[in-house]
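What follows is a short report on a single structure.
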Amino acid sequence: MAITLGIITTITTLARLIFKRFFSASETLTLDDILIIGALLMHISCTTINVEGLAAHGLGKDIWTLSPNELKTFVFFFYIIENHFFLEITLAKLSLLLFYLNIFPDKFIRRLIWGTALVILLLGIASTFVIIFQCAPVQYFWTQYDGHSTGHCLDINAFAWCNAALNIATDIWMLGIPLSQIRKLKLHWKKKLGAAFMFLTGLFVTVAAILRMQSLVHFADSSNPTWDQLIVAFWCTIEVNVGIICTCLPTFRLILLRLFPHVFSTGTKHSNSYVRSSDRRSGPSSITGKKGYQLSELESTTELNSSYTGSQPLYID
């Protein structure tokens, strides 16, 4: 499953990056794209460790069927993948929040988004710090099973529960920000519904986070960690992959518009389904200072900007 989801996530992210770099109006990558590149690189590394590190050294097997060296190697890779997980989640969330900044011009909402981004960043840094130094000495995390190493570790189960709860809370909060603005849009109800549906795809991430939290019941006090951590790894894998995919979904609206303009365009005779190449360089700037697609192209995503303010369509990637 990790390989399959990893391939889908990689293809989705690369499609987004290729489109924005070579086929968007600005033909450039912005900060949200840079962050998703970081998340993708971490994800590729995480998938490799998941398959070659965890699965190859006992994940899903009973602990008593493994040699001490296999168990030590398994726990070492689990330690590495824990750090990857928090970094991936943080980068994906920050990328999505920066995308929000391109949608909502309202000063209060933008301050709210920046505040949320700061909370996400600090939470990510704190979580990574705790995971790295959860044991003293650090290597005691993976040497504690060899029978002669000494050290101590934090109550990582309590941390895991707390972190999962905070992740779920921030997921719901990040869903609430755009959904709270839907009612203010000067759009046909069908387009409002489409906008709401796009943002609600983020619920899949929240559901995965809740199920991951439920799987943490025996996370730290398990007597059979290689078996019990299988379900934790399962939901972590789904949460990270779905999170990155959902972050890339808005760009897919543009890709589908370009490939199938008659199917996915609902523009009127006064607006084209996409900006002609001759018009790309002459359009007004977006709120980020870049030139790009008309908001009417994205309908349920970037059209939010112009319909929210009631102004003429802005331009945005």
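Here the Cβ of each residue, glycine as well, is placed from N, Cα and C on the backbone.
Record features (TrEMBL):
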- 20-256: domain 'Rhodopsin' (DOMAIN)
- 269-290: region 'Disordered' (REGION)
- 6-23: transmembrane segment (TRANSMEM)
- 35-56: transmembrane segment (TRANSMEM)
- 76-100: transmembrane segment (TRANSMEM)
- 112-133: transmembrane segment (TRANSMEM)
- 193-211: transmembrane segment (TRANSMEM)
- 231-252: transmembrane segment (TRANSMEM)
Spatial neighbours of the transmembrane segment (76-100) far in sequence, C-beta under 8 Å, 6+ residues away: 30-33, 35-36, 38-39, 42-43, 45-46, 49-50, 53-54, 57, 113, 116-117, 120-121, 123-125, 127-128, 131-132, 141-142, 163, 167, 170, 174, 177-178, 229, 233, 236, 239-240, 243-244, 246-247, 250
Surrounding residues of the transmembrane segment (231-252) on its own chain - C-beta under 8 Å, 6+ positions past either end: 1-2, 5-6, 8-9, 12-13, 15-16, 19-20, 36, 39-40, 43, 46, 50, 54, 59, 81, 85, 88-89, 92-93, 95-96, 99, 198, 201-202, 204-205, 208-209, 211-212, 215-216, 219, 298, 301-302
Mean predicted confidence [pLDDT] for the domain 'Rhodopsin' (20-256): 85
